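Record features (TrEMBL):
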REGION    1-23  region 'Disordered'
DOMAIN    29-369  domain 'Adenosine deaminase'
BINDING   H34, H36, H223, D315  Zn(2+) binding site
BINDING   H36, D38, G196  substrate binding site
ACT_SITE  E226  active site, proton donor
SITE      H247  site 'Important for catalytic activity'
Amino acid sequence: MTSQTPHAPSGESAPGPQGPTADQVRRAPKVLLHDHLDGGLRPGTVIDLARDVGYDALPETEPDKLGMWFHEAADSGSLERYLETFAHTCAVMQTREALARVAAECAEDLAADGVVYAEVRYAPEQHLEAGLTLEEVVEAVNEGFREGERRARADGHRIRVGALLTAMRHAARALEIAEVANRYRDAGVVGFDIAGAEAGYPPTRHLDAFEYLKRENNHFTIHAGEGFGLPSIWQALQWCGADRLGHGVRIIDDIDVAADGGVQLGRLAAYVRDKRIPLELCPTSNLQTGAASSYAQHPIGLLRRLHFRATVNTDNRLMSNTSMSREFELLIETFGYTLDDMQWFTVNAMKSAFIPFDERLAMINEVIKPGYAELKSEWLFRQTVTTSGFDSEQG
Ligand SMILES: O=c1[nH]cnc2c1ncn2[C@@H]1O[C@H](CO)[C@@H](O)[C@H]1O
Ligand SMILES: [Zn+2]
């Protein structure tokens, strides 16, 4: 029950004299489980699409300014206000072409950032305003992801993207969306989720959808423990049967750290750790919505030390002005993480993905571990070059 090491032992010694460089962080293979399609558009694309469809309510019409507007508007300290910014992105994602373009660029951008596997979520019910059906939305996004994977490959990056279909928790279409997710499970959709304002909308409102997915042996995650605390996490796990927790960061409320450093887990926190329930942690997003007060205070530091199944995620790259590399860089600066820590988070994420076990294992053994081994060996060669230079100067 106690763990007092400042940085958790990862089982391997940290190579090299210092932490990873920004370039190594970008090149390191990364796995992303929690990223919203409608929260990751390029600002320039929002502007292009708004022009195409005649949407004239954008607060800015110049890409840099619009990007800044999203970041500042989302920086409100409240999940509800953070979510208001999605009205603009959803407004321009109403046609097949727009959805396919946004999905393709998403895959391209993630691949360029070194993400090798991503599960990207969106709520099909929010893209029906111009007359598309739920199925047409799913097919357009899938087509975009495949196109993005192809473009990334042509550019020398390999990425695999799976879709998660989200139902909005204030609405009443969860069962219908779950059925679509199930229908497309062998066609690009790897699972289901619920999102939106958490307080006042407990996950048990959508129990029928979760029970249906369980009967179908399908997978789902639930946004819980972000805008609301332990009761939401408890319901998501013990009533709904979630495979993973979207955020889950407020599990910290069930962990006591005594003045002498001793750590005591409550029953729910112990359950989450014992059952290896994956936590899709999104540090920057949590700062913006008020779920954490600073990077240094973010529970990820303690959760990593206590060996929870913690993963690092972006949530909304546009609203949080972030990327997987940026999230890792911030954690490296704050907690002194090494490539071993990055590998630990990445393997955690890959183990927790919704694709079949053999494919997850192959990604870990054939892509992630060799990728980190390669990066960890680089400092040796840097050292050799410096040393031999020194030697030859000395004659
Ligand atoms: O961090 C979050 N918590 C809860 N809901 C969110 C978060 N980020 C985005 N969405 C909601 O999910 C929808 C589908 O992608 C978005 O439109 C937004 O309303
Ligand atoms: Zn989210």
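Note that Cβ sites are derived from N, Cα and C of the backbone, with glycine treated the same way.
Cβ environment of H247 (site 'Important for catalytic activity'): H34, H223, A224, G225, E226, L279, E280, L281, C282, S285, N286, A291 lie under 8 Å away, each six or more residues apart in the same chain. Within 10 Å of the C-beta atom of E226 (active site, proton donor) sit 26 other C-beta atoms, taking all shown protein chains into account.
Listed recorded positions: D38, G196, E226, H247, D315. Those with a CB atom under 6 Å from ligand 2: D315.
Taken together, the residues in the domain 'Adenosine deaminase' (29-369) have a mean pLDDT of 97 on the 0 to 100 scale.
With a cut-off of 8 Å between CB atoms and residues at least 6 apart in sequence, the same chain places F86, T89, C90, M93, V102, Y122, A123, Q126 near D38 (substrate binding site), listed in sequence order.
When the Cα atoms are compared, H36 (Zn(2+) binding site) and G196 (substrate binding site) turn out to be 12 Å apart. Taking a C-beta cut-off of under 8 Å and a sequence gap of six or more, D315 (Zn(2+) binding site) has these contacts in its own chain: H34, D35, H36, G39, C282, T284, S285.
Neighbour density for G196 (substrate binding site): within 10 A of its CB lie 19 other CB atoms from the protein chains shown.
Shown in sequence order, D35, G39, R121, D193, A195, G246, H247, E280, C282, S285, N313, N316 are the same-chain residues outside H34, H36, H223, D315 whose Cβ sits within 8 Å of the Cβ centre of the Zn(2+) site. The record assigns H36, D38, G196 to the substrate site; their largest pairwise CA distance measures 13 Å.
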